[in-house]
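To start, the structure under review is shown below, and the notes come after it.
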Ligand SMILES: Nc1ncnc2c1ncn2[C@@H]1O[C@H](COP(=O)(O)OS(=O)(=O)O)[C@@H](OP(=O)(O)O)[C@H]1O
């Protein structure tokens, strides 16, 4: 009787140990990998995987902000489902041709964009980047609610460079969204931003060349100062996929470091959610890319005539000659700075982003 009891105790003990080992193993798998094996948990408190990244002190310098972020997400999640989420997010890059793409897809009868009446700022809600903590999910989603039965989406160029947007979008929308990124050669992208800023000024005090030149110069010195302050070399950023600036639009140089931004997005979304295109290729073959997006959204195909008609219009386009807008030495500096980042992007995407020619 005693032996019988002892044997059963031993067997139970062994089973218990095996169970514990299995749990540890499963836990390890769960936390080891990337987004696919790791489901963002429902939060009691701040979850382990919420950023902060190293220089999140900009964001979290007020200690309450991290707590505020967690509480806000928790609150919104309880009142939402992934189903309500828009289907499409065009996240950038700024000056990549996003307005045109959003206008094109919005002309498909199975898709409804919003904010299109505002022309240049069509669809730019910036919820997941700028207004997230102030606005409720309901407030955001109501913008799309009149479009039942249609695919919906928005286009906010601030998302690509935002520290928090990928995390927030994943937490609220799961892996549902299709995410489109248009990447333009970064120096040209930067000049285009300054050209736009020049044109939207009410009182222009200088010529376009003076304005752009000054802006680029200021951007470069700000960038050098930032690296000094962070005690980091630009080349070291290549290995810091979590490096992130809270106010990205203040540095047009930073906005063009696409490999850093995409790495941040890839932490939260599977690669198959993305359509990542070069803006110049998009420009040369717009109908082809648009039909790719239409197919990805599961919308009805459009015929070639329709596609060509829709894509024949250029939105948010300004006529200018970019030659001589910035000093030669500044252009050289920028090209050199971007080369390793473009190379990293090329490696990540298996080709095509060196923009050498
Ligand atoms: N179809 C197509 N393909 C490629 N590029 C295009 C297309 N349509 C517009 N554009 C050019 O894109 C620039 C504006 O980009 P965005 O609309 O993304 O700008 S914004 O960030 O929303 O302000 C702007 O570039 P610049 O003219 O150099 O400023 C547009 O000319």
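Residue positions begin at 1 at the first shown residue.
Keep in mind that glycine also has a Cβ here, set from the backbone N, Cα and C atoms.
It is 12-31, from the ranges 12-31, 32-51, that TrEMBL records as transmembrane segment. Secondary structure at residue 184 (3'-phosphoadenylyl sulfate binding site), taken from DSSP and collapsed to helix, strand or coil, is coil.
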